[in-house]
Every structure is written in structure tokens, then in C-alpha cells.
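Features as listed in TrEMBL:
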type	residues	note
DOMAIN	9-139	domain 'EamA'
TRANSMEM	36-54	transmembrane segment
TRANSMEM	66-83	transmembrane segment
TRANSMEM	95-116	transmembrane segment
TRANSMEM	128-148	transmembrane segment
DOMAIN	152-286	domain 'EamA'
TRANSMEM	154-175	transmembrane segment
TRANSMEM	187-203	transmembrane segment
TRANSMEM	215-236	transmembrane segment
TRANSMEM	248-265	transmembrane segment
TRANSMEM	271-287	transmembrane segment
Amino acid sequence: MLSPRLCAHLCALGTTVVWGMTVISTKVLLEDYTPLEIALYRFILAVAVMHVLWPRRFRHGGGWRTELLFLGAGASGITLYFFCENLALTYTYASNVSLIICAAPFLTGLGARLFLGETLHANFFTGFLVAMTGIFCISFTGVTVLKLNPAGDLLAAGAALCWACYSIFTRRIFARGYPMMEATRRILWWGLITLALAVPFQDSLTPPDVTSATMWVNFLFLGVLASSVCFVTWNYSLHILGAVRSTAYIYLTPVVTVVAACLILDERVTLLSGTGMVLTLAGLLLSEKRGNVLAFLKTRKGAR
């Protein structure tokens, strides 16, 4: 039987694999729908599925302060995150956005240290540098000049900060002992409500084409697997592993995207992107390892 910690690691890994593939589905849907429409339909489906899977009512009994935690988690992890990420893509390069958003584990670590009292080991910082070097190699394969766009890059940084806030809010929610399924459903509801507030600012909504098999496959993937299932598994890993160790798996997202693009879109994996994937995996392993690798290497060198 799997231990809770091993199960949490597997949940974080599986969730990251699925979320790394959402870029492919979103890219397909963007041909017919706006980013807001995709997010809105995705989470309407996600909330509906959560009610089918777990129909019982949930009353947390924690008053308005607890409700603010659920609101903060839904708004930061769903509405604000997707708003900043999608808007950033209209101002700057996808490679910039991919690189900057992967700073989320670092921001989460700082937030967890300040607000949750979680310990940051030296390997956390070493792993961050190694992983970001690898992600840089993946993101800028074939790009000869790094071009910065202040507006787009700041929005991407905002998305990373939003995900860090989501991790902090969610960690505090589950520290109070609330049931995983009911609490996740409530977070998704707040995400959907805050998303709906943006609808009046769009000229019109394109209704889903129910006769399209492509639409059904991609929205079912995004709504059921990537949202209903993955938010539960991700929240479970946050609860068991803590914000720092679980969020480190986000480093793998560009790796999964590259592999998925190679298999599904027939994109080529270059030597630079392959090197980047190896470095990213090494950075993740370093971040998950307790102790201080640099101190260990110095000790071995002195022993010689």
C-alpha cells in the first residue's frame, strides 16, 4: 500500500503532466474561442462534475474569515492566474511567459516561509537556479536574442505570484481539516464566480459547438481531467507535502509541453531543449532533496 507522502508525490507528478498538456488543448480551442470563453466553459464543466462526484453540501462553519480564504484561493488560482497568463501572451513571447511563470515555486517558497513558517533548505535555492537554467534552454530554443517586454513580462510575473498566493490560501484552508472534495469544489465555485465578473467586459460569448468532436474532446480534457480531477490531486499534494515541495513540480511543466508537442504536433526536440529537460529534472530532484548538496560536495572535496 502506498504511503501518503508517496501518493502525494505521485499526485503532484501526475497533475503536472496533465497541466503541461493543457497548452496543446488550449492552442486548439483558441482557433474558435477567446481565452475568457475557454476558461469560463472549462470551469462550468469542472464545477458540474464536482457536484456529480460529491453532491453533499458543505458548510465550513468558519465564518466570513474562512470564506475569504476560499474566495482568495478561487480568485488567485483561477481568475487572476488565467487573466495574467493569457493577457501576457498578447504582449510578449510565449517563451518569456513560460520562463517567468516557472518562478512560481520560488515565490511560493518565500510566501510559505513568511506566512506558513515552512523551512527553506539550501537545496531549494540550488534547485531553483538549476531548474530555471534548464527552463531557459527549453523556452529559448531557436531564439537568438532575448527580447523583453515590460508589460507582458510583468503580467507573467503576476501570474506566478497569483499561483504562489493560491498555494498559500489552499494550504491554510486544508490545515483547518476541511474535506478535500468539498473544499476543492468551493474553491472552483469562487473561481467560476470571479471569472463570470469579467463576462460583461467581452462583447459577446461564442456558444460551444456541441456538434464538434474536437470541442468535446478538448473541453472534457480541460474541464474534467485538468480541472475537476487535477485540482483535487494538486490540493492533496499541497496538504501532505506542503506548499514548497509540491509547487516545485511546476518546474516540469515546460518539459511535459515539449514532449507533448513532439508527440502530438510533430515538433522537433533540439539538443538545447533536450539539455534543458535534463537540467530541469535535476533542479526538481535537488529541490525535493533534504539537506545541503553544496555543503556535501565541499565535504567530499575536503576528504580527498
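A Cβ is built for glycine as well, from the same backbone N, Cα and C atoms used for every other residue.
Residues 35, 39, 43, 60, 158-159, 162-163, 165-166, 169-170, 172-173, 176, 183, 186-195, 197-198 of the same chain sit 6 or more residues outside the transmembrane segment (66-83) yet have a Cβ under 8 Å from a Cβ within it. Listed stretches 154-175, 215-236, 248-265 were compared with the transmembrane segment (271-287); the greatest number of C-beta pairs under 8 angstroms is found for 248-265.
When each of 36-54, 95-116, 187-203, 215-236 is checked for Cβ pairs under 8 Å to the transmembrane segment (154-175), 95-116 comes out on top. Between the transmembrane segment (36-54) and the transmembrane segment (187-203), three or more CB pairs separated by 6 or more residues in sequence fall under 8 Å, so the two stretches touch. For the domain 'EamA' (9-139), the DSSP counts in helix, strand and coil order read 108 helix, 0 strand, 23 coil. Across the domain 'EamA' (9-139), mean pLDDT in this model comes to 86.
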